[in-house]
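Below is one structure, written out as structure tokens, with a few remarks after it.
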């Protein structure tokens, strides 16, 4: 027997899944780990906790699969993107907690870069916006605020990486400092047209090139394992950012196919072929993957808060005891009773890109009860996704005829039905909603010749067809957009 081990390092948990040569699941493991919030708008991880949680589930998944390590033909890796780490090349010790993609501490730096006339440079070469979401300004903050970091970086003593780089470093015993093209494209430092680190971008952010990892293909053996507890020599054969991995895992291998992953945030990608499409609607142009030196591109819209709004109802408000309860609670009412929740807890992502927006709950009366708020929270995910898809359709010049979905919240039938209603198009949910891990496994399987483990565009789906009239949808969207306008700019210091 031959198998693929997929590592899926996310924002709130690490997981590992072992797939057989036909794509069937043999064993899984998952472990949560904490986020830290040292100041309002700041979000951090402990790099050691990232690695230790990923290491533990890797071991557990293989044990639960009931196969020897010698059966693992390759390892695929996918990860939360943009989260930024800085560590000592000699010791492997981090210099600071990882700054998470949700973190907004560099909003003013982004303002300064725009004011200095750099926005066009970054937009044209990276396909991204000058926003705190991306890695480049986070790395600049670390260099400016960690004592001695800039001097040591210029001396070549430090390594920068996104989470894929950190895990590859750990898996190879510090022998390899790499990142794949999809992760590199999320840093504000990579020219997506040439596929290389861009000297002008580095200069604009004052970042030494000595910090940077080598950029590699998303599918291909880049090294082998060399860490305690894991046999040496297992090929590391696939690496991609989580949303690009999900696009691949959903079988969206042709231009015009789109998917939405509902995780902590919601992430929508549309494959656009082998040429990047510049967005006129504040979407991101990004690398989908690079295989055999050929780059596929995508349009992307990122919603910062999706499933995290359910966590907030559970942990912040105590409205539910577990996330699984929300659908049953929301079904107790036929609608939200006019309540709208805009979960701009960390600003708004695409297509608004407003770091100063903040969450609001509007439309409440004395008749508003827990189920109305629960339903408004679920509907907020669908409203945000619909805004992004509308912008994609304009940029790409075509209509999304169906949306493929995955991620934890895609198991919620109420949410998926409302998403189909708003889109006016079918929503297709695969039997296996772990498309992120499946994509990483498929990229690795491709590299080691296990083609049976690769995803099919014709996989079995559960379909949700639209039911609401277009008039009702237009009314609901208009009210949602009015609520969004009220949330906009709330934290801005207008004085």
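In case you wondered, yes, glycine gets a Cβ from its N, Cα and C as well.
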**Asked** Say Swiss-Prot lists 11, 15, 307, 408, 412 as binding ADP: which of 264, 365, 368 is in the same site, per that record?
**Response** 264
**Same glycerol site per Swiss-Prot - residue from 36, 55, 133, 262 joining 81, 82, 242, 243** = 133
**Prompt:** Taking the Cβ of residue 82 (sn-glycerol 3-phosphate binding site) as centre, how many other Cβ atoms lie within 10 Å?
**Reply:** 26
**Item:** binding-site residues compared (307, 408) - the one with the fewest other Cβ atoms within 10 Å
**Value:** 408
**Request:** Show, in sequence order, which residues other than 11, 81, 82, 133, 242 on the same chain lie with their Cβ within 8 Å of the centre of the Cβ atoms of the sn-glycerol 3-phosphate site.
**Result:** 80, 83, 100, 101, 186, 241, 243, 265, 302
**Distance, residue 242 (sn-glycerol 3-phosphate binding site) to residue 13 (ATP binding site) (CA atoms, angstrom)** = 13
**Prompt:** Of the binding-site residues 12, 15, 311, 408, 412, which sits closest to residue 81 (sn-glycerol 3-phosphate binding site) by Cα distance?
**Reply:** 12
